[in-house]
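Copied from Swiss-Prot, the annotated features are:
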BINDING   S12, T13, H41, K42, Q54, V55, E67, S68  glutathione binding site
DOMAIN    2-83  domain 'GST N-terminal'
DOMAIN    93-212  domain 'GST C-terminal'
Amino acid sequence: MAGIKVFGHPASTSTRRVLIALHEKNLDFELVHVELKDGEHKKEPFLSRNPFGQVPAFEDGDLKLFESRAITQYIAHRYENQGTNLLPADSKNIAQYAIMSIGIQVEAHQFDPVASKLAWEQVFKFNYGLNTDQAVVAEEEAKLAKVLDVYEARLKEFKYLAGETFTLTDLHHIPVIQYLLGTPTKKLFTERPRVNEWVAEITKRPASEKVL
């Protein structure tokens, strides 16, 4: 049976989300480069792996998956006893699992849409020869500040967003934060003491640094 393959781009935050999970699990894998600038993700053979034309796609033997957060959850469960545990300390505890699931949903629907717009404006536009729209940055930073206020309150109660242990909830934030730390938006993280500590810890994990 073939090993693990990730079809994506190393600069993609969604691809990085999966790569960090694999590194946390100390799993061997092959990264199959998909060139986004050439539109390879919108053509065959990639579309046969993800009909929506978005990276990454994933294979583990005969299993084929797409959507990065679904992939990381598969990795966390399939390889639960290998490497870092990415699930709640008691993965059979329904309440703990539900809290982690809330965090995953909050990241996907409250944090990431705003943070990704800021990364696009301040990082990725430059790669395409486009100018940053400062009005958009100001608008999105105001939204992100509100999300981070919620995080600050949560992190005053717990070490991590889903409790006292590092889980997928925290991991899913890492790739876009890595980009935003190199922009003026960094101030939104550093001016909140607990958020700042949390960001420093999760971005300095060995698995996180391997995708830079």
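Keep in mind that glycine also has a Cβ here, set from the backbone N, Cα and C atoms.
Note that the structure is a prediction, hence the values are computed from the model and not measured.
Projection of Swiss-Prot feature records onto the structure.
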{"residue": "S12", "record": "glutathione binding site", "contacts (Cβ under 8 Å, 6+ apart)": "L36, V55, P56"}
{"residue": "T13", "record": "glutathione binding site", "contacts (Cβ under 8 Å, 6+ apart)": "S116, A119, P175, V176, Y179"}
{"residue": "H41", "record": "glutathione binding site", "contacts (Cβ under 8 Å, 6+ apart)": "V34, N50, G53, Q54, V55"}
{"residue": "K42", "record": "glutathione binding site", "contacts (Cβ under 8 Å, 6+ apart)": "G53"}
{"residue": "E67", "record": "glutathione binding site", "contacts (Cβ under 8 Å, 6+ apart)": "none"}
{"residue": "S68", "record": "glutathione binding site", "contacts (Cβ under 8 Å, 6+ apart)": "S14, T15, R17, V18, P56"}
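Of all Cβ atoms in the protein chains displayed, 24 besides its own lie within 10 Å of the Cβ of V55 (glutathione binding site). The glutathione-binding residues named in the record, S12, T13, H41, K42, Q54, V55, E67, S68, extend over a maximum Cα to Cα distance of 18 Å.
When other Cβ atoms within 10 Å of the Cβ of Q54 (glutathione binding site) are tallied across all protein chains shown, the result is 17. Residue counts of the domain 'GST C-terminal' (93-212) by helix, strand and coil are 89 helix, 2 strand, 29 coil (DSSP-based). E67 (glutathione binding site) falls outside any helix or strand according to DSSP and counts as coil.
DSSP assignment over the domain 'GST N-terminal' (2-83) gives 29 helix, 18 strand, 35 coil. Here the domain 'GST C-terminal' (93-212) has a mean pLDDT of 98 out of 100.
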